[in-house]
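Chemist: When I checked TrEMBL for this same protein, it listed these features:
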REGION    1-216  region 'Methylthioribulose-1-phosphate dehydratase'
BINDING   CYS88  substrate 1 binding site
BINDING   HIS106, HIS108, HIS181  Zn(2+) binding site
ACT_SITE  GLU131  active site, proton donor/acceptor
REGION    225-249  region 'Disordered'
REGION    264-506  region 'Enolase-phosphatase E1'
BINDING   ASP267, GLU269, ASP462  Mg(2+) binding site
BINDING   SER402, SER403, LYS436  substrate 2 binding site
Amino acid sequence: MSSNGISVDEAKTLICELCRLFYDQGWVSGTGGGISVKAGNEIVMAPSGVQKERMQPDDMFVLDAKGDVIHTPAVKPPPARPPKLSECSPLFMAAYELRGAGAVIHSHSMNAVLATMLDPGASEFVITHVEMIKGIEGHGFYGKCVVPVIENTARECELTDRLRQAIADYPQANAVLVRRHGVYVWGKDWIQAKTQAECYDYLFEAAVKMHGMGLDYRRPPPPIFADNGASKANGNGAEANGSHAAEPAAKKAKTRHAALPAAVVLDIEGTVAPISYVADVMFPYAQQHCRSFLESTYDSDETQADIALIRTQATADVAEGRDGAAAVPEPGAGKAEVVDAAVAWVSGAIAADRKVGALKNLQGHIWRSGFSSGALQAELFRDVPDALVEWRAAGLKAYVYSSGSREAQRLFFGYSKVGDLRPYLCGFFDTTSGPKTEAASYNNIALSLGVDSPSDILFATDVLAEAQAAAAAGWRAVLVARPGNKPLPEGAGGFRVITNMQELLQ
């Protein structure tokens, strides 16, 4: 038995079973398509040029971890053809090598083929807001599911370089489409590979059908405003039937929305996301990757600007007599000495939980690398995505005000575990607008939002001092009590306390 829980013999039987299933779905007809499954350090692979629905376990090839054949099936009497290793072999091996796959499926599904033809010049397939996106690892309903598209070649083995490049360029994708040909899908084991192959195929079919209906499958659906819906109901009922039965519902909707703020402004830590994720995942990631990031990007203008900010802040720390403060050398001191000093300053600033721009800027750039590579995925409380969608549908604008840089905020909401939530947010504010515990900061933000009155803004935070500062600027403010947050003081300073975003507008 292998470490994956499946033996070579079991993998052979499984491939036969799956190929019969895939044949019925139209994925491997005409001897096309293929599948391979990892069994410990060996890989079992279906042969090429055979009737996939009629294969038997003794038809399978077995390869070692390097892709070399260690078992060739016996030749069978005519009309059976001599056994031939699948031309997909080097492409399968690319997923095993670059993604640590446990199984790889190659489908000639018509849905996959047509999906590559929706936009003949596109280098990627994109779909969003379809439920089955959730079946793809690392994706959610609100996010964009992106699959790279590579051009076809006369022989499959000639696709290897293109496929390997696509896998490297799209670390969050678990599939590669081949134009007018089909798709390669992989997973950590055969179960995930099969699940994701089915989900991708559903998404390809959905895109083709939506395109035929004139719907844009690549963009979020437009908001449906409650007042407009009530108005339509009223118009249909009153004009067609001479009845005013719909009027109370319309009046109720308008009354409810009249009490809504013009804008909602959200804190992140402890409000929409667990403090533990930021403290136990994001901060350690930035600290662990600080040195390698600075060293690898040292000569870039962006990193030099980050170091200059740290140098300025370190100089101020020394002047203030801050414990452990030390200057960061000028560039002429040499790369190694500058990086050592910058890393030491960052470690101290993170340990002290400092809310200073020099730290936040660098963290944001390190996190950008982590989010874009798929190493980081933001964790939000489960009620937050639905609330953002509902607010947009009600015509309510939502913003973020956090001590993290605006870039870090955009990354956080752009690479969440449920997908890209940025379409539901209208803007981001950080401490360049001012400290979060000072009323002047909220006055500055109110000017940017362009509301008629500061009281048109509703602010949600888990920090009493921030709520007090917002209230001093004329904003409405509520406190948020979440698991893992510090207990709020008794009486919560007179502010309303909520436990989830669904309660915010009540």
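Cβ coordinates come from backbone N, Cα and C, glycine included.
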Chemist: Tell me which of the binding-site residues HIS106, HIS181, GLU269, ASP462 ends up closest to CYS88 (substrate 1 binding site) in space, Cα to Cα.
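Modeler: Closest candidate to CYS88 (substrate 1 binding site), judged by Cα separation, is HIS106.
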Chemist: Taking 8 Å from the centroid of the Cβ atoms of SER402, SER403, LYS436 as the cut-off, which other residues in that chain fall inside it around the substrate 2 site?
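Modeler: Apart from the listed residues, the neighbours are ASP267, ILE268, LYS355, TYR401, GLY404, ASP430, THR431, GLU466.
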Chemist: Beyond HIS106, HIS108, HIS181, what residues of that chain have CB atoms within 8 A of the centre of the Zn(2+) site's CB atoms?
Modeler: GLY32, GLY33, SER107, SER109, ALA112, VAL113, GLU156, VAL178, GLY182, VAL183, TYR184
Chemist: What is the number of other Cβ atoms found within 10 Å of the Cβ of GLU269 (Mg(2+) binding site)?
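Modeler: Taking all protein chains shown, GLU269 (Mg(2+) binding site) has 22 Cβ neighbours within 10 Å.
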Chemist: On a C-alpha basis, identify the one among HIS106, HIS108, HIS181, LYS436 that is nearest to ASP267 (Mg(2+) binding site); the candidates are the binding-site residues.
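Modeler: Considering only the listed binding-site residues, the nearest one is LYS436.
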Chemist: Just to confirm: which same-chain residues, 6+ apart in sequence, have a Cβ under 8 Å from the Cβ of LYS436 (substrate 2 binding site)?
Modeler: ASP267, LYS355, TYR401, SER403, THR461, VAL463, ALA465, GLU466, ALA469
Chemist: By a simple count, how many Cβ atoms lie within 10 Å of the Cβ of CYS88 (substrate 1 binding site), its own Cβ left out?
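Modeler: A 10 Å sphere around the Cβ of CYS88 (substrate 1 binding site) contains 24 other Cβ atoms.
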Chemist: Pick out which of the binding-site residues HIS106, HIS108, HIS181 has the most other Cβ atoms within 10 Å of its own Cβ.
Modeler: HIS106
Chemist: Of GLU131, ASP267, ASP462, the recorded positions given in the record, which has the fewest other CB atoms within 10 A of its CB?
Modeler: GLU131
Chemist: Among all chains shown, work out which of the binding-site residues SER402, SER403 has the most CB atoms within 10 A of its CB.
Modeler: SER402
Chemist: Can you tell me the mean pLDDT for the region 'Methylthioribulose-1-phosphate dehydratase' (1-216)?
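Modeler: Reported value for the region 'Methylthioribulose-1-phosphate dehydratase' (1-216) is a mean pLDDT of 93.
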Chemist: Going by C-alpha positions, which of the recorded positions (HIS106, HIS108, GLU131, HIS181, SER402) is nearest ASP462 (Mg(2+) binding site)?
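Modeler: Comparing Cα positions, the candidate nearest ASP462 (Mg(2+) binding site) turns out to be SER402.
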Chemist: Report the largest Cα to Cα distance, in Å and rounded to a whole number, among the residues SER402, SER403, LYS436 that the record lists as binding substrate 2.
Modeler: 8
Chemist: Closest to HIS181 (Zn(2+) binding site): which of the recorded positions GLU131, GLU269, SER402, going by Cα position?
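Modeler: Closest by Cα distance to HIS181 (Zn(2+) binding site) among the recorded positions GLU131, GLU269, SER402: GLU131.
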Chemist: For the recorded Mg(2+) site formed by ASP267, GLU269, ASP462, which further same-chain residues have Cβ atoms within 8 Å of the site's Cβ center?
Modeler: ILE268, GLY270, THR271, VAL272, ALA273, ILE275, SER402, THR461, VAL463, GLU466, VAL480, ASN485
